[in-house]
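Report on the structure given below.
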Amino acid sequence: MTPVPVSVDTTADFAAPPTKTAPSTSTRTLLLAPPSIAAHEEKLRDIFATFDRASTDLQMLDRLSAGFVSLPAATYDLVLVLTDTDSARRAEALQLLSRDVYSALVPSMKGGAKLQLQDGTWNSAEGLEAILAGLVEKDGAFEKPAYQEAAVPLRLGGKKKKAPAPTEQPPVATGVGFVDGNDELIDEDDLLSDDDLKRPMQQPANCQPEKAKKRRRPCKDCTCGLAAEMEAEDKARQEKADKDLNVLKLQSTDLSDEVDFTVQGKTSSCNSCSLGDAFRCSSCPYIGLPPFKPGEEVKILNNMVQL
């Protein structure tokens, strides 16, 4: 007999009907409720009758303010603060919308998402924290700006700037503005004759010193001769004073002189040195010294006795 081929049925004996999945929506809503609304179940029932529970989240403002709840980033298209239609809970809700709440709320909003109140629009004073958080007021609500990212090309190593071309200088005439150090200088005294040099110098009236007043000081760049004249007077006065101070000083030639009062027959003009007593004459160079011993050699150096 010829073998008969056998086929295996691989189909399932029981096929369940395909389940219908609800179409996913990209719009999500966040409801922020004050703590007092939890005691009114009918309020929550009415709210969820308006919003789809599958795409709506409910959070309590007090828990969000305390940091017990963390919101997903860039998720919600609408944030609605439940204040009741008659504004019964407006003050309670706005009091809980602190800076910490906005710090957690704004990052969870998508670009272009809105923040609204259930009972109406915001007042100017109520939206200060929202503005500080980066939201923009629009049509009685606050909207998060939709920032777009764009790549900006950065050019590195740009072209080097060309050096400016040198400007042409106008031609300068020869011999103008130049000083030649090899030129011979003329002595001004050669231009004066002997009579001009013997003629007394005439001082200007401004430089002549007044007799009744103090001596006039010469100018810093004096050219009338007053400075040289006063310098000569000061030099002569200094030389005279130095000469008066050197009256009592011995010259270097006097160092070789020796005085010996121990030689027999030598006496002073006052005849007191031979008495064997101390020198007491006021003009004696040995005043105050004890009498010399026989044979002692004495020298005078710069008016000082050298024994």
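Positions of Cβ are set from backbone N, Cα and C atoms, glycine also.
As annotated by Swiss-Prot, compositional bias 'Low complexity' applies to 15-26. According to Swiss-Prot, the region 'N-terminal SAM-like domain' annotation covers 23-152, on the basis of sequence analysis. The region 'Linker' annotation in Swiss-Prot covers 153-197 and is backed by sequence analysis. What Swiss-Prot lists as [2Fe-2S] cluster binding site is Cys207, Cys219, Cys222, Cys224, and the listing cites sequence analysis. Under the heading region 'Fe-S binding site A', Swiss-Prot lists 207-224, citing sequence analysis as support. Feature annotation from Swiss-Prot assigns [4Fe-4S] cluster binding site to Cys270, Cys273, Cys281, Cys284; the stated evidence is sequence analysis. As annotated by Swiss-Prot, motif 'Cx2C motif 1' applies to 270-273, with the evidence given as sequence analysis. Residues or ranges marked as motif 'Cx2C motif 2' by Swiss-Prot on the basis of sequence analysis: 281-284.
Annotated features taken from Swiss-Prot, shown on the structure.
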residue : record                        : DSSP (3 states)
Cys219  : [2Fe-2S] cluster binding site : coil
Cys224  : [2Fe-2S] cluster binding site : coil
Cys281  : [4Fe-4S] cluster binding site : coil
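Regional average pLDDT for the motif 'Cx2C motif 2' (281-284) in the model is 70.
DSSP labels the residues of the region 'N-terminal SAM-like domain' (23-152) in these numbers: 46 helix, 32 strand, 52 coil. Cα of Cys219 ([2Fe-2S] cluster binding site) to Cα of Cys284 ([4Fe-4S] cluster binding site): a span of 52 Å.
Residue pair Cys281 ([4Fe-4S] cluster binding site) / Cys222 ([2Fe-2S] cluster binding site) shows a Cα separation of 55 Å. Taking all protein chains in view, 13 other C-beta atoms sit within 10 angstroms of the C-beta of Cys281 ([4Fe-4S] cluster binding site).
Distance from the CA of Cys222 ([2Fe-2S] cluster binding site) to the CA of Cys284 ([4Fe-4S] cluster binding site) is 52 Å.
Its Cβ taken as reference, Cys219 ([2Fe-2S] cluster binding site) is surrounded by 12 other Cβ atoms within 10 Å in the chains shown.
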